[in-house]
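Asker: Feature table excerpt (TrEMBL):
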- 235-269: domain 'ABC transporter' (DOMAIN)
- 18-41: transmembrane segment (TRANSMEM)
- 48-73: transmembrane segment (TRANSMEM)
- 149-172: transmembrane segment (TRANSMEM)
Amino acid sequence: IFAIYLILGVPDFTYTPALVGAFFLLFLLFGLVDVVLVYILQRTFNIAALAFVMISIGTFFVGVVTTMTVVVLEQLMASDSALVMAHDICSIVFQIVPQYNLGMAISRGSMAYQSVAAGENYLRQINRLDLSGTVPLPDVMQWEMMGRYLAVLGAELIIGIALLIFLEYGSLGFMRKMERKKTEKLMDEEEKTEHDDVDVVAESERVRNIEEPGTKYGLVVKGLGKAFSNKLTVRGVSFSVERGECFGLLGLNGAGKTTTFGMMTGESNIGHGE
């Protein structure tokens, strides 16, 4: 998007090198923050397509609503002082939303150029063309201009990366234990109501008695389980594959085949079993 602005020479974004640099930094920070935010939010979804739709629409809607709310309050509080407090509170609270910071920073940066354009237009009206080009551009990096929103985006990037690292690697500690306890609890609850087929029980018992795979078995899966939120996706899968054999998982969509393979390959953490 920013490259298009540069090619077309949109003055609101390209009037001076300083303005170009400020907007480039803005789009760069927002892009990084948005990527980290998507990585964090997608962990709450099991279906990739649903995650894409909900995160895209949700963040866009929240960003537009919060930005427009503050802009409208700024227009109305000039004639109604009772809205000043509402504006002050909203302008601080909404900074949690990266899309709000993007929208407000663009608005403030564009306002800087518009002030120059208004000054140039006034000089033309009073026939002072000799002063054309002398109207200074306000410093867009000021705190009340784009500076505040750039600083908040930078802070959100640091916090987001730290949170993402914690979520990715925190499972090695107490989060890993919590996941195992939750999965075991759900499996115990379901075992009381669900009864496995006789062949399934026999296979599970056979696999349970395999102490050392040795040279006979290439893969041994014992009581593999996985839960997402409060839903048990994989429940006590047990089987063995001898060396030289090929195997596959059959089942309906949503049966847990991909999740099972993910645990076997190490892509996903194991909630239960080994």
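Here the Cβ of each residue, glycine as well, is placed from N, Cα and C on the backbone.
The shown structure was predicted, so the numbers you read here are calculated from the model rather than taken from an experiment.
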Asker: Could you give the mean pLDDT over the domain 'ABC transporter' (235-269), rounded to a whole number?
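Answerer: Per the prediction, mean pLDDT sits at 73 for the domain 'ABC transporter' (235-269).
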Asker: What counts of helix, strand and coil residues does DSSP assign across the domain 'ABC transporter' (235-269)?
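Answerer: Counts, helix then strand then coil: 9 helix, 8 strand, 18 coil.
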